[in-house]
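Peer 1: One structure is given below, represented as structure tokens, and several questions about it will come after.
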Amino acid sequence: MYPAPFIAVEGPIGAGKTTLATMLSKEFQFPLVKEIVEENPFLDKFYEDMEQWSFQLEMFFLCNRFKQLESIEENYVKKQQPIVTDYHVYKNMIFAERTLSKKHMDKYRKIYHLLTDDLPKPNAMIYIKASLPTLLDRIKMRGRSFEEDIDPAYLKTLIEDYELAIEHLKQTDPGLPIITIEGDHTDFVSSQQDYQQIVQNIKEQVL
Ligand SMILES: Nc1ncnc2c1ncn2[C@@H]1O[C@H](COP(=O)(O)OP(=O)(O)OP(=O)(O)O)[C@@H](O)[C@H]1O
Ligand SMILES: Nc1nc(=O)c2ncn([C@H]3C[C@H](O)[C@@H](CO)O3)c2[nH]1
């Protein structure tokens, strides 16, 4: 494939993005860039009071992803080196549209475009879909303290937001191959067969 693969794994909270991105990074020996979670100073506050903390949180994620994508550009894309990430930059807009007030969203949208329009975008995407019960199970199993009381209604709207966002990406970036994984029925963690099917799809559609 030309240019080098830049694969983004996406899906709603707890879908398995980091898990799968890590497995694929090992599989293909591609470096992995993961988003910052534990060092995020606003996540726990946000889950306690979304209205109060959403702008700080969305800006924090945006700035971090901006910095990561800048270094992806320098260290991988410009050098024609492959890379795997556990997010697509458009994720910022998915969450911001859901969590910000209109006034904040108007400001955020301008900053988002200013920061990201000229940054490299993935040239392949893996979208892990999953139902609300599956996401709730996985979030519970993972056991992050700040997600303990996550509102199922918030997760449900995010599942829908992701569906719309994928449609949006298909329209705005029609050349982007998107491999969709049915997360409820595909257990790439414990089933070698399920995992190898994903690897095969990537080999056929991306590499
Ligand atoms: N297909 C799967 N089958 C079984 N368990 C899974 C599967 N995918 C992920 N898990 C488990 O679900 C939990 C959440 O996975 P992971 O942290 O990779 O999700 P994520 O999409 O990166 O989450 P976040 O949106 O919070 O960053 C982990 O404990 C992981 O081991
Ligand atoms: N509001 C908001 N905006 C984002 O861009 C964003 N990206 C991730 N997250 C949340 C989901 C997990 O709890 C946790 C780890 O992914 O952080 C986000 N939350």
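Using the three backbone atoms N, Cα and C, a Cβ is placed for every residue, glycine included.
Straight from TrEMBL, here's the annotation block:
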{"type": "DOMAIN", "residues": "7-206", "note": "domain 'Deoxynucleoside kinase'"}
{"type": "BINDING", "residues": "Gly11, Pro12, Ile13, Gly14, Ala15, Gly16, Lys17, Thr18, Thr19, Arg138, Ile139, Lys140, Met141, Arg142", "note": "ATP binding site"}
{"type": "ACT_SITE", "residues": "Asp86", "note": "active site, proton acceptor"}
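Looking at the shown structure, can you explain where the listed features end up?
Peer 2: A coil conformation is recorded for Gly11 (ATP binding site) in the three-state DSSP classification, outside any helix or strand. Close to Gly11 (ATP binding site) in the fold, though at least 6 residues off in sequence, lie Lys17, Tyr127, Ile128, Lys129, Ala130, Tyr162, Ile181, Gly183, each with a CB less than 8 Å from its CB.
Secondary structure at Asp86 (active site, proton acceptor), as computed by DSSP, is coil.
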Peer 1: Which entry in the list of recorded positions, Lys17, Thr19, Asp86, Ile139, Met141, has its Cβ near the fewest other Cβ atoms, using 10 Å as the limit?
Peer 2: Met141
Peer 1: Using the alpha carbons only, what distance in Å do you get between Met141 (ATP binding site) and Asp86 (active site, proton acceptor) once rounded?
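Peer 2: On Cα coordinates alone, these residues lie 19 Å apart.
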Peer 1: Sorry to bug you, but what's the C-alpha spacing from Asp86 (active site, proton acceptor) to Ile13 (ATP binding site), rounded to the closest Å?
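Peer 2: The separation of the Cα atoms works out to 11 Å.
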Peer 1: Looking only at Cβ atoms, how many others are within 10 Å of the one on Ala15 (ATP binding site)?
Peer 2: 24
